[in-house]
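Contents: one structure, followed by commentary.
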Amino acid sequence: MEIVDLKKWFPGVKANDGVNLTLRGGEVHAILGENGAGKSTLMKMIYGLLEPTSGEIRFMGKAVHFRSPREAIHAGIGMVHQHFMLIPALTVAENVVLGDEPGRIKFDRKEAQKRVRELSEKYRLAIDPSAKVADLSVGLQQRVEILKAFYRKAKLIILDEPTALLTPQETRELFSIIRGLKAEGVPVLFISHKLDEVLEISDRVTVMRAGKTVETVETKGATPQTLANLMVGREVVLRVEKSDAHPGEPILQVHDLHVRDFGRMERVKGVNLELRRGEILGLAGIDGNGQFELADAIAGLLKPEQGQIIFDGDDITRWSPAERTERGIAYVPQDRQLDGLVLSFNLVENTILRDFRKRPFAKNGVIDRTAATNYTERLIREFDVRPPDASRKASELSGGNQQKVILAREVSRDPLMLIAAQPTRGLDVGAIEGIHRQLVRLRDEGKGVLLVSLELEEILSLSDRIAVIHDGRIVDIVPGAQATREQIGLLMTGSRGHSEVSMS
Amino acid sequence: MIFSDPEIWAATLSMAVPLALPAIGGTFSERTGVVNIAMEGIMLIGAFFAVAFSYWTGSAWLGLLAALICGGLTAAALAWGAIRVSADQTVLGMGINIFAAGLTTFLLNTLFGFNGTPISTPKLPNISIPGLDNIPYIGVIFQNQSILVYIMIVLVIVSHWFLFHTRLGLRMRSVGEHPLAADTLGINVWRIRYFGVILSGLFSALGGAYLSIGVLNGFTANMTNGRGYIALAAMIFGKWTPLGSFGAALIFGFSTALGIVLQGQGISSNLLQMIPYALTILALAGLVGRAVAPAADGIPYDPRRS
Ligand SMILES: Nc1ncnc2c1ncn2[C@@H]1O[C@H](COP(=O)(O)OP(=O)(O)OP(=O)(O)O)[C@@H](O)[C@H]1O
Ligand SMILES: [Mg+2]
């Protein structure tokens with residue numbers, strides 16, 4: 001595939017503004033770029049979801065103009081989307097074969113399940129074809145997405161941030177699949193913000209900046225630092241710089257908390273936890289072990305079955321989320337599109353979402369647009385939201401920039417405590433650097449920070465103490481400075497290992 | 001005891017037809033993601049044109065065909081507005097209902113005058129299935145029912161099979177749940193939605209024709225009398241499935257039949273007429289098994305926006 005001077009202009013944004021790319025047979029080609037650099041836009045054009053403003057896409061020697069995904073699929077292009085394209089109400093098998101179902105008039109359900117089972121065995125992506133997608137964890141849903149692309153025997157596979165939601169184990173499995181594809185001569189376009197992944201799996205890397213392809217380099221010879229610098233266009237600090245913590249009084253105490261999720265499953269099974277002012281407490285764990293339900297319960301989105309939550313001296317167990325917000329709890333939820341933003345609202349409306357009833361944003365029950373817009377524009381500058389346009393709808397922002405808006409809103413309210421669930425998911429290295437600095441700044445100002453992350457590196461580099469959760473219970477709490485990857489990884493599987501119990 | 005009298009079951013079945021057919025129609029439309037509250041209006045149009053063409057051509061079957069064509073066209077207009085123009089589907093549906101009530105009354109008066117449709121209008125035959133009517137009790141229920149009763153029973157089964165066991169049915173459901181996902185798999189979302197909505201028009205028109213040339217042989221102004229809305233309730237109570245819609249239509253039909261039997265026996269038939277609505281509210285509130293609409297129901301699809 002060859003892409004020549006491709007452009008895609010949205011009203012007011014040049015999402016792609018001169019993209020040049022050559023993809024060789026059987027290579028894994030990584031695309032790197034900051035949030036909003038235009039990676040997804042490029043992929044959507046290749047896949048026929050968006051029509052280019054100008055430029056050309058050549059595939060297998062011919063210029064192609066896909067007007068719909070139908071045509072792209074037909075030409076042999078498969079895509080795993082950054083935001084899942086799965087139908088929760090249908091089964092795994094139905095999702096995989098949809099659009100190319102076995103049978104004539106009748107849908108041959110048995111055959112569909114058989115094919116999906118064979119496919120999942122061939123690529124060693126274990127999955128139950130008859131399970132409903134709504135009941136699957138995100139990791140398993142990701143598998144379904146990948147199986148969809150394989151099912152169509154794609155001649156070119158696009159993976160738009162496929163590892164953003166995967167555990168390290170699942171990522172390793174995905175990589176062996178990608179290597180298998182490579183061996184079969186199928187080229188892969190691979191997008192990720194994780195530099196180590198890009199270095200491990202790709203043959204060449206193309207870096208995009210502000211809609212343009214800047215450079216294509218051989219992976220051999222590149223280092224995380226050179227890639228990061230190319231991406232951001234300046235020297236990036238990859239390590240978190242922080243001084244020692246000076247923890248003060250406890251700000252949050254959780255006693256014997258039990259929480260059920262919306263499916264009435266008990267997810268948190270008796271958690272005791274203490275967070276102090278001026279510290280970052282990392283909550284490490286494998287996805288699905290109750291960490292996000294715990295965060296939701298502290299923020300007030302889930303009602304605990306049992307137990308107590310004490311915040312700054314008040315028993316807030318029965319408080320509403322709004323009351324907790326007022327009291328000084330800020331929350332960056334895991335699902336930014338579902339719980340974090342109103343996608344159809346513009347940035348002004350989204351940034352004042354928590355405080356629109358109050359001055360200076362409202363006077364006598366009427367919203368003061370000017371005050372709100374000024375405030376939003378300040379946040380956009382401070383947090384480097386791109387494009388810097390307050391009147392834009394949240395849905396028009398790239399994933400990483402959506403996350404910046406949420407963080408800006410939560411942090412700028414000057415809370416006493418911040419719960420950050422997966423705060424850097426899908427963010428580029430530059431943006432991660434910025435967000436990590438914000439978390440450390442909050443801590444240094446004497447706020448409590450509860451960091452819930454599936455990213456072990458993130459937990460290790462930021463936390464002053466690390467609590468490890470497994471199956472809804474805290475397995476151990478260890479000081480962050482001494483903790484090692486291996487030790488925490490072992491605890492995450494539920495085994496205490498050799499470390500001492502230190503519930504301090 | 002009234003329940004042991006097969007007549008009440010025969011009446012229930014007959015009352016269920018003009019509810020089940022539009023309810024199944026609505027199911028098809030909403031399963032593809034287009035809210036259809038225009039069943040009432042499309043039924044009226046079906047009922048009127050069935051009579052008109054039955055009278056003009058002298059054949060009830062041609063009348064039925066005309067009803068289907070007119071119902072299908074009305075639904076196509078709804079589909080165009082909902083799909084192509086992305087208009088608000090509830091407003092569109094209400095518009096069609098009001099338009100249909102006005103149009104049919106106007107045409108009735110101008111074409112047939114104040115005496116109404118002629119009594120010589122042919123109607124569809126009533127039949128008894130040989131063999132079936134020999135079975136005691138059951139036989140009485142099915143004795144001398146309109147041919148549309150049998151057609152409905154076949155349609156219920158075929159519809160359910162179609163929606164849940166065919167490739168097209170799977171595609172329809174996927175489009176109603178997550179059109180963007182369906183689109184990325186190469187499914188033509190708009191075409192499927194047109195199909196679902198027009199299908200709903202055909203079913204609704206059939207339900208209307210049942211009233212005017214199945215049970216009776218004439219049209220009176222506003223003769224559907226809110227059945228399109230009860231069908232909407234039946235569709236929801238039946239959890240957006242053809243079998244469920246039919247079951248709900250039977251329950252609602254029974255409450256109507258009961259109302260007729262109990263007339264003058266101290267129980268107000270108005271109370272019984274509340275049953276469909278009360279049950280629907282309970283179903284929506286999650287008390288009688290949760291009713292969940294297709295996820296993308298009522299949301300126009302425009303691929304360029306996402
Ligand atoms: N439908 C749209 N309308 C207007 N602007 C859009 C639209 N889609 C994307 N954009 C803009 O185009 C730019 C590129 O977005 P894109 O999603 O391609 O970024 P990305 O590189 O994939 O970022 P991320 O890493 O955060 O996923 C962004 O500035 C975004 O706001
Ligand atoms: Mg993207």
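Including glycine, each Cβ sits where the backbone N, Cα and C put it.
Unlike curated entries, TrEMBL annotations are predicted automatically.
As annotated by TrEMBL, transmembrane segment applies to B:6-25, B:37-56, B:62-83, B:95-114, B:147-164, B:194-220, B:240-262, B:274-293.
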Q.
Considering only Cβ pairs within less than 8 angstroms, which of the stretches B:62-83, B:147-164, B:194-220 has the most against the transmembrane segment (B:37-56)?
A. B:194-220
Q. Do the transmembrane segment (B:240-262) and the transmembrane segment (B:147-164) come close, with at least three CB pairs under 8 A (pairs 6 or more apart in sequence)?
A. yes
Q.
Should anything in the same chain at least six residues away from the transmembrane segment (B:147-164) have a Cβ under 8 Å from its Cβ atoms, list it; otherwise answer none.
A. 13-14, 16-17, 20-21, 24, 27-28, 31, 124-127, 129, 172-173, 203, 206, 209-210, 214, 241-243, 246
Q | Tertiary contacts of the transmembrane segment (B:62-83), as residues 6+ beyond its ends and Cβ separation under 8 Å | A | 29, 34-36, 38, 41-43, 45-47, 49-55, 89, 92-93, 96, 100, 122, 124, 190, 193-194, 197-202, 204-206, 208-209, 213, 300-301
**Q.** Close approaches to the transmembrane segment (B:6-25) from elsewhere in its chain (Cβ under 8 angstroms; 6 or more beyond its ends)
**A.** 36, 39, 42-43, 137-138, 140-143, 145-146, 148-149, 152, 155-156, 159, 199-204, 206-208, 210-211, 214-215, 224, 227-228, 230-232, 234-235, 238, 242, 245-246, 248-250, 252-254, 256-258, 260-261
